Amino acid sequence: MSPLLFERASGNLPPTIFARLQTEKLLKSFRSTLRFRFDGGERVVNTVARDRGNSSSSSAAAAEGPEETVSGTTIWAHQTGVTALALERFDGRILVSGGADATIKLWDLEQCSNPSQPHTYRPVSAIPRAENTLPGADTGLGRGHRFGITHLSFYPFDSAAFLSSSFDQTLKLWSTQTARVSGSFNLGAKVYTHAVSPIASHLLIACGTQHPAVRLVDLRSSAAVQSLISPGQVGSGSGATLAVAWSPVHEHVLASGSVDGAVRIWDVRRSGGLVRLLDQEDCLGILDPGRTGHLGRGIRASAKAHTGPVNGLAWTDDSAYIISAGHDKRVRVWNAATGANTLANFGPTIRNSQLGRLTMFVSPPTLTGSKKDLLFFPNENEILVMDMHEGSIVTRLRGMGPSIAAVAAQRGERTVRNRLTSIVWRGAGGGGSSSGAVMGGTNAPGGVYSGHMDGQIRTWIPQLEGLDEEDEDTGDATQATSGTRAKKRKALDDAYRSLMGKQITFT
C-alpha cells in the first residue's frame, strides 16, 4: 500500500481511484473467522457433529470445534439447521435468520464493539414456531410459521419491517422492533421464494410457489392481485417457480426462473405480462421482441436458459446484466437489454442441486472497476468468488464444518448433509447496493454471512494489512512466539561464532 499512499499524497492518484483499488484488494481477501459465534440459546450436551468419508471436512470440523462448543455443550444459531438469512440494507446491522424448525431469530451485529476480539452473538428477539392447527385454519396474527422457512427479506424502504415465506404456504410481514406479524397471506401452495422491488412504489411482492404462475401480492390491498403466466405454461410440465428477482432500475420489470429451465422476463403492467424468454442459444440478442414491434414475435416458445431447473437469479446493481443458475451445473450471464447470452464460462466446478432458492450476489459496482464485477456463489460446501465476466475463480472460501452433521429433530436427533443454504453481503448500507467505495458498517470492514444446515451461521471478513496470525495472538501466545524467535537468534549466533572461532586452512 505504501506506493499507493505516496501517489495519493502527491496528488497523482485521485482519492476515488485509491479507494477503489483498496476495496478491490479487500474483496479478494475474504477469509473465515472463528472468533464470531451465533448462539441461539438451544442446548444439547455431548452432541458431536459427524463426518462420513471426507477427511478434509473432518479437519475443518476439528478446527471449528472450539468455536462451536462451550463447556462441552454445542451451540447453534438454529439447532435444526439455518435455511434462510436476510440483512437490512440501511445500516447493515440487523440480521434475520430462519430455521428448518420454522423459528425466526433477529441478531444485532453491532453487539460486538471491537471486531478484532472474539464475540458470541445472541438473538435480540425470537419468533417461535406456531402450534399445529387444522389444515386451512387461520393461524392468526402474532403467530409464526408452522413449517420450515424458505426465504427472508427486509422491506426495501424501511428496516422496521421484514418478510418471510415458508413451506406452510404463507407469506408473512413482520415488525422488526416487536417481532410481531403485521400481515399474513395464504397462497395455497408451498412458497419457495419472494421478492420486493428495491425502487418501486407499487408494493407488489412477487412469490414463487409450487404453481407455475408467479403470484403478485399487494401489500396495500392485502390480496393476491395478479398471476403471471405465459401461454401454454400451465399443464406443460413447467412446474414450480423457484426464483424471482425485480430489476433494480425498472420498477415494473421482473425475472422468474422455474423447474422447466426457463427464465422469463415480465412487465407487470401488461395484460399478457411476458416480455422475453432468455435463450441459451442466442448469443447475439437478435431474438429481441422490441425490434419486431410485436410482443409475440421474436420469442421462441421452446427457448430455455438452462437444461435443468433454474433456482438462482440476480441482477447487477446497474441492471445491465442478469445472472442465472440451474441444476445443469451452469451459471450464465445475460445482457439485460438484449437478452443475449454473454457465454461466460464458469467451468466444471459449479455444484447446485437444492430444490429451492439459491442466493448469490454480485459485488456493488462502485467497489470494482469496469468489467471487474465479482460473483459470490454458494457452491454447496464452499463459497466461490468468481469474475462475473470471465468466469475465472478468484478465491474459494472454505471451512464450512463437517459434511455430515447431527441436528435436532422431533424425535431426538438426525443426521443431515451439511450444505450452504444462504449468503448475505454486509457492505456500505448492508444490502445489495452501495453508496460509495466503502466496504462495511461501523464496526467491521465488510463481511459475508452464511447459513448452514448444521445449524451454524459463519462469518467471512476481508483481511486488513498488518492483521496476521501473529498480530492476533496475545498473552501466552505472544510470549511463546518471542521465546521461539530468541532461540532461533541464539542458534544462529552460536553457529556464526563457532565458524569464526576456528582457523580454516585450504590445501
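Using N, Cα and C of the backbone, Cβ positions are placed for all residues, glycine too.
TrEMBL: automatically predicted annotations, no manual curation.
Residues annotated as region 'Disordered' in TrEMBL: 49-72 (among others).
Across the repeat 'WD' (75-110), the DSSP tally of helix, strand and coil residues reads 2 helix, 17 strand, 17 coil. What TrEMBL lists as repeat 'WD' is 75-110 (among others).
Positions annotated as repeat 'WD' by TrEMBL: 142-184 (among others). Only residues 6 or more beyond the boundaries of the repeat 'WD' (142-184), in the same chain, are considered here, and those with a CB under 8 A from a CB of the stretch are 83-91, 93-94, 96-104, 106, 125-133, 190-199, 205, 207, 209, 217, 219, 222, 356-357, 431.
Using a Cβ-Cβ cut-off under 8 Å and counting only residues 6 or more beyond its ends in the same chain, the repeat 'WD' (234-276) has close neighbours at 190, 192-202, 204, 206-214, 216, 226, 228, 288-289, 295, 299, 303-319, 322, 324, 326, 328, 334, 336, 339, 355-358, 432-433. Under the heading repeat 'WD', TrEMBL lists 234-276 (among others).
Taken from TrEMBL, the feature repeat 'WD' covers 303-344 (among others). With a threshold of 8 Å between CB atoms, the same-chain residues lying at least 6 positions outside the repeat 'WD' (303-344) that come near it are 239, 242-250, 255-263, 265, 276-285, 287-288, 350-362, 364-365, 373, 375, 377, 388-391, 432-434.
Residues or ranges marked as region 'Disordered' by TrEMBL: 466-490 (among others).
Taken from TrEMBL, the feature compositional bias 'Acidic residues' covers 466-475.
Listed as Cβ neighbours of the repeat 'WD' (75-110) (distance under 8 Å, sequence separation of 6 or more from its ends, same chain) are residues 37-40, 42-44, 68-69, 120-130, 144-154, 156, 159, 162, 164, 166, 168, 174, 176, 179, 198, 359, 407-409, 416, 421-433, 440-444, 449-457. Mean per-residue pLDDT, taken over the repeat 'WD' (234-276), amounts to 87. Taken residue by residue, the repeat 'WD' (234-276) breaks down under DSSP into 0 helix, 20 strand, 23 coil.
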